[in-house]
Amino acid sequence: MQLGTSIRSGTLWLFTGNVSQRALEFFFGIILARLLVPADFGLLVMTQVFTGFAGFIAGGGMGQALIQSKDISARHYRVVFTLQLLICSIIYGVFYYSSPYIARFLDNPIYTDLLRVSTLNFLIRPFVNISRAKLSRDMRFKSIAIISLLTLIVSSTSSIFLATQELGVWSLIYGGLIGSFLSALLFIIHSRTVPYFAYDKRLAKQLGGYGIKLTINDIIEYLRRETPNFMIGKMLDSTMLGLFNKGVSTSAIPLQTIAGSAYQTVFRALSSTQDNIDKSKYIYLRTVTLVTVYTFPFYIALIWLSEPFIMTVYGPKWQLAAIPLQIFSISRLFSCLMNTAGAVLAAHNHLGVEIILQSLALVLTAIGCWYGIQYNNLFYVSLGIIPAILFLSFTMSFFAARYIKATFKEFLTALDPAIQLNLLLATTLAIGDYFLTLYNVESNSKKYLIIQSSAGGITYALLFLYWPIKQLKSESARWKKLLKIPTANAA
């Protein structure tokens, strides 16, 4: 199978899986949001701040190192499994004995048990990591997509059932554990990678060299993302944290679904073409075009429709979540570029540069968040974080383009289709907003949301299919064929 076909096939499966997964997450999230209260989600988020940080140490970047390496054997997988299981066991022990002190620091005794139970996931992770890495390396993204979807369904339905039994935050914790057990079992079966113990100093050093840099980068990126959650949870309260996190996590859905799908396949493709700069440049620029074309319209729509969306979907008690949703939807337009640039830097082993950029962005995030917290206002907290995201998006894109020798003109050309289509989409929504406001329809959140989203969706689809953009000619033709729409050539 040619590389281009492999990329498209892998991305399509991951995209299909991610769309299904995000749709189900969204659906299950609505149910859980109505069964639970913001404070329950706030407790979970604060727990994940600690466990998530340790998760990067547990992986050690060795799973990605297995994918990035040019040549590996079965022994590589066994060495990685042995090291990860050892590290994860130590991490679990540390959390078990330190959780009372963390709970005391957070002024809430429930964190003792939350941390002790939730960190059981660390003992399961090594079984998942090596099996998933094997499937990714073989570009068997269909299996990954199906397993992830099944795991989500089982995990979420378990959480919903437990929430109906009034278990509160524990319904989320137990549901996650059930999903982890199932995920490990299915990945092992499909990858046929039976865990064995082995140790080889040379292989450990080989994989660890890349893995350590990746881990450092991931930890800094994680700290940048989670610093607002930690500061809000510590300096404000769990309700404010729940509202903030709901807005931020909702804004991340299009990015994770579309750009996240592309990242995994593009990273593997770029890793296999490290020595071919021209091919790497083509893959990068084409990915920028397609990711922005498919992602931007969701964020343009959310910028307009954040409040009616939150009110209609989650209910009035979540209304304040519309503030971070709207502000972060603006920043996600730039995060799309950062995501694609990150694949280039990781595949070409330029993680040292990203580590420096992520560190600077972490400082900017902490300063901006602290500034917003002084006002006890989600608007200022959200706004204060935006400069860090803009800085990181622009600088990472600059260095990615530089390393693969893409010019600024080529980069703008790659962005041009998304800019054209979304300026027209924004104009459509602005006109719709004017008339709906004129006739006082905006006071009915559900009606306003349905009319604007329908008008915007139809407009963008027609523009995508028929607006004469050279870079999208083959992509629109592919969709016309899929939808069985007659073309001029066919006529």
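Using N, Cα and C of the backbone, Cβ positions are placed for all residues, glycine too.
Heads up, TrEMBL stuff is auto-annotated, nobody curated it.
What TrEMBL lists as transmembrane segment is 43-67 (among others).
With a threshold of 8 Å between CB atoms, the same-chain residues lying at least 6 positions outside the transmembrane segment (79-98) that come near it are 50-51, 54, 57-60, 62-63, 65-66, 115-116, 119-120, 122-123, 125-127, 129-130, 133, 195-200, 203-204, 207. The transmembrane segment annotation in TrEMBL covers 79-98 (among others).
Taken from TrEMBL, the feature transmembrane segment applies to 140-163 (among others).
TrEMBL lists 169-189 (among others) with the feature transmembrane segment.
Look at TrEMBL and you will find 283-305 (among others) tagged as transmembrane segment.
Residues 64, 68, 214, 246-248, 250-252, 254-255, 259-260, 262-263, 266-267, 270-271, 274, 280, 284, 287-288, 291-292, 295-296, 299, 302-303, 306-307, 309-310, 354, 379, 382-383, 385-386, 389-390, 392-394, 396-397, 399-401, 403-404 of the same chain, all 6+ positions outside the transmembrane segment (325-348), place their C-beta atoms under 8 angstroms from a C-beta of that stretch. Annotated transmembrane segment per TrEMBL: 325-348 (among others), in sequence order.
Residues 213, 216-217, 220-221, 223-224, 227-228, 231-232, 235-236, 379-389, 391-392, 395-396, 399 of the same chain sit 6 or more residues outside the transmembrane segment (355-373) yet have a Cβ under 8 Å from a Cβ within it. Taken from TrEMBL, the feature transmembrane segment applies to 355-373 (among others).
If you look at the transmembrane segment (379-399), the same-chain residues 6 or more away from its ends with a CB under 8 A from one of its CBs are 224, 228, 232, 244, 247, 323-324, 327-328, 330-331, 334-335, 337-338, 341-342, 345, 350, 353-354, 357-358, 360-362, 364-365, 367-373, 411. The transmembrane segment annotation in TrEMBL covers 379-399 (among others).
According to TrEMBL, the transmembrane segment annotation covers 411-436 (among others). For the transmembrane segment (411-436), the list of distant contacts is 285-286, 288-289, 292-293, 296-297, 300-301, 304, 397, 401, 442, 448, 451-452, 455-456, 459-460, 463-464, 467, 469, 471-472: same-chain residues at least six beyond its ends, Cβ to Cβ under 8 Å.
According to TrEMBL, the transmembrane segment annotation covers 448-469 (among others). Taking Cβ pairs closer than 8 Å, the transmembrane segment (448-469) reaches residues 293, 297, 300-301, 304-305, 308-309, 312, 416-417, 420-421, 424-425, 428-429, 432-433, 436, 441-442, 476, 479-480, 485 in its own chain, all 6 or more past its ends.
Sequence-distant contacts of the transmembrane segment (169-189) (same chain, six or more residues past either end, CB-CB distance under 8 Å): 32, 35-36, 40-41, 43-44, 47, 110, 114, 117-118, 120-121, 124-125, 127-128, 131-132, 135, 147-148, 150-152, 154-156, 158-163, 195.
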